[in-house]
Structure formats: structure tokens, C-alpha cells
Amino acid sequence: MTTVDVAATIAPESLLEETTIDEMKKYESDIDIIELRIDQWANHHLQLLKQNLSILKQVDSGFKVLVTYRTKSQGGKGKMSSEDYLELLKNISTLDDFHMLDIEWDSDIPPQILRDIVRLAQQNFKQVIVSYHNFSETPGIDELRFTYYKMHQLGPNFIKIAVMPNSREDVAVLLEAMASSVDAVSCRIIGISMSELGLVSRIAQGVFGGTISYGCLGEPQAPGQIHVKALKEQLAFYENT
């Protein structure tokens, strides 16, 4: 059993609104990480990011801030080309006032390019989550294990796979792939089976060796997300049994 941090995903249309800030303060004890999504912005990503990071800093809570630009190919709203996405990651890496950066794993991008960005972020005192998302299906267990292994080779602090189940068996495949990969890699691991069907992967994350589970404060930002308060309670139930 591993200890699981709760990440609350927020996706402001522009600058963070007072209602969202109030929700963060209200559920502060249930949140370890704020995942700030920025792929919903059409442009001015760095400017808006700096402004929102400044707002989050003023909230002065104990949570870490994770910055995520999710590309359209991996289920997000981001429409940048691969080249522009990689350049954005480089620019974000050097900013202050946040703690973690999500970097998507893409088999079409040479590993050395991704590895260099991982190192750049870490040199700027950021923890890195290398992530892979499949919103259509759950690949086979061998492919999932191989993906974990390939992401691990980039040298991040965390590796994350989130996939869509089409059956209960798919949920079991993801959980087995995560559990069997924990001791095979040197970084921390995350595995999510999305949608309501895969809810067990979120609430029993620690049972299978996972270290971060994602929830929401209002509208879910990914299929199957539940409110952070309920998520924290369910995680505690498994940790105490």
C-alpha cells in the first residue's frame, strides 16, 4: 500500500475566479496538488499561466501546483503542433511559482528530445510527470507495461497512464499493469482507468502501488473524476483497511 496524493484539476477559462479560489480554500485539507490545466486557452499561454500562478501563490495553501497542457491527441483541448508544444514546455520549465510539470509521452517524438525537456524542468527544481492517455481503449497488458518502461527511461519523477475501459476486464488489465510495474521502475507510478467503470482505480490507487489520484472541485475535467472530498475519504478507507 502506497500513500496517495489527491490532485484537484482546475481549468479556468482565463484568470482564476473567486468561486474557484473559495472552493480550494474550503477543501484545502483534501487537496495535496492543484493541477492547473492550460490547454483550454487558445493563445497567450505563458502570460495567462504567469498571472494564474501569481494568484495561486497568494492563496498561500500547502498544496503543490502541477501545470498541464493536454494535447488534443491525448484527450485535451490543446491544438498546438508537436514543435510548438515542446517549445511551450521548455518555456514553462523556467518559470517560478509552481512545482510539477506534466510532459506527454509520444512515440513519434524522439526520446532524447523528451529526455532533455525532463532534465530542463528538473534542473529548474520541478518534479516531472511523464504521461500517456488513450481515450478510446485499454491496450493489452504487455503494451501498457512497455509504455510504463519507455516513459521511465526518460528519467521523470512520476509516470502516468490513463486509459478508457470498455469492460471490467479492461479495468483489471490496467491495475495489473500498474501493480506489476511498480517494482520494475525507479520512479513513482500512476494508473487510471477512466469513466465510472474504472472508478476503483481512482479510489484504490494505493492498493496497486499508485501515488496520485485526480479529482475535481466542480465539473469533472476527465471521465470518472469525483469530488476531491469524496476521493480523499475513499482513499483513506482503503489505506485504513
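Glycine is treated like the rest: Cβ placed from N, Cα and C.
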Completion exercise
For the 3-dehydroquinate site that TrEMBL gives as GLU35, LEU36, ARG37, ARG70, ARG202, the extra residue out of GLN51, GLN112, GLN153, GLN225 is GLN225
Exercise for the section: Can you see whether DSSP assigns HIS133 (active site, proton donor/acceptor) to helix, strand or coil? Expected result: strand
Fill in the blank from the handout: For ARG202 (3-dehydroquinate binding site) and LYS160 (active site, schiff-base intermediate with substrate), the CA-to-CA distance in whole Å is 13
Completion exercise
Counting across all protein chains, other CB atoms within 10 angstroms of the CB of GLN225 (3-dehydroquinate binding site) number 23
Exercise for the section: Find, among the recorded positions listed as ARG37, HIS133, LYS160, the one whose Cβ has the highest number of other Cβ atoms within 10 Å in the structure shown. Expected result: LYS160
Handout entry: GLU35 (3-dehydroquinate binding site): tally of other CB atoms within 10 A of its CB
Key = 24
